[in-house]
Amino acid sequence: MKTIVLKCGGSVLDELSPAFFDGLRSLLEDGYIPVLVHGGGPAINSMLSLYQIPSKFQNGLRVTCEKTMEVVEMVLSGQTNRQLVRLLEHHDLIAVGLNGSDGKCLQAEYINKEELGFVGQITAVNKKMIEKLLVDRIIPVITPIAASMEETGARMNVNADYAAAAVAKALNAERCLFVTNVDGILVEGQLVEEATESDIQSFIADGHIYGGMIPKVESALSVLGNGIEKVMIVSGKKAFYQSGIWTGTAITSKERVF
Ligand SMILES: Nc1ncnc2c1ncn2[C@@H]1O[C@H](COP(=O)(O)OP(=O)(O)O)[C@@H](O)[C@H]1O
Ligand SMILES: CC(=O)N[C@@H](CCC(=O)OP(=O)(O)O)C(=O)O
């Protein structure tokens, strides 16, 4: 089974173009089965502000107290997951939404409970749950909420880029795509079509890569070390795949030979 994990960023959920869904259909026609993991950062921020709960981040991770966790779960499972499943169905794709903690699909441990609260890093992925859907060519749409390994019944908030990387590694995916609101890695406004690990490290060092792009490239590099040859950062606003042609930034493990 050739699987492709696509992480759909919260930044682009409201702007996914028909070409994005054509790309998914094209992948299915070419024998790939997509697995979606999605975010919802902007929608969580809006809901927190409606509840007058401040949004706090530490190194890009949301500091998540119990009240914040309730809102995170409500938005990811009740809003952004529903939105994405509905859009897929609207574009004739069969999808089933899963809260990451359902069936212990995603399992995590605390990163630093005192400082970050209910924020986890993935320690295990229950592939069985996901594969049951894939054999029937149903697209799983997974929220980045994980079941706690340490406390039965507890759930944790996981950065969606890291959650997607963990799913891609566990499924031994052919590719992992980070779908976002820009064409890929941009340097001085120009798309970088191919980047190696050392290119990325220098883009971070010189400030060309910053903010929300950092967890994406870190996740991309972590996936590459695990037998997945190509990871891409692509736009959800345009065509990212059509009959074997990919558009965006390809991140490869191989250093270029000059
Ligand atoms: N070099 C770069 N190329 C493109 N975007 C970048 C770069 N560095 C930082 N960014 C920022 O990263 C954002 C994407 O990350 P983020 O907002 O977290 O999206 P998502 O919700 O898709 O995870 C872009 O909109 C852009 O503002
Ligand atoms: C721990 C942590 O920061 N979790 C993220 C989960 C959602 C996410 O990652 O959404 P995007 O992909 O849209 O950024 C959060 O609460 O915002």
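Glycine is treated like the rest: Cβ placed from N, Cα and C.
TrEMBL names GLY40, GLY41, ASN157 for binding substrate. Of ARG62, ARG82, ARG137, the residue it gives for the same site is ARG62. Within the model, the domain 'Aspartate/glutamate/uridylate kinase' (2-235) carries an average pLDDT of 96. Considering only the binding-site residues GLY40, GLY41, the Cβ with the fewest other Cβ atoms within 10 Å is that of GLY41. Of the listed recorded positions, namely LYS7, ARG62, LYS216, the sparsest Cβ surroundings within 10 Å are found at ARG62.
Under the three-state DSSP scheme, GLY41 (substrate binding site) falls in the helix class. For the pair ASN157 (substrate binding site) and LYS7 (site 'Transition state stabilizer'), the C-alpha distance works out to 16 angstrom. Other than the site residues GLY40, GLY41, ARG62, ASN157, same-chain residues with C-beta atoms no more than 8 angstroms from the centre of those residues' C-beta atoms, the substrate site, are GLY10, GLY39, ILE44, VAL72, VAL75, LEU76, PRO144, ASN159, ALA160.
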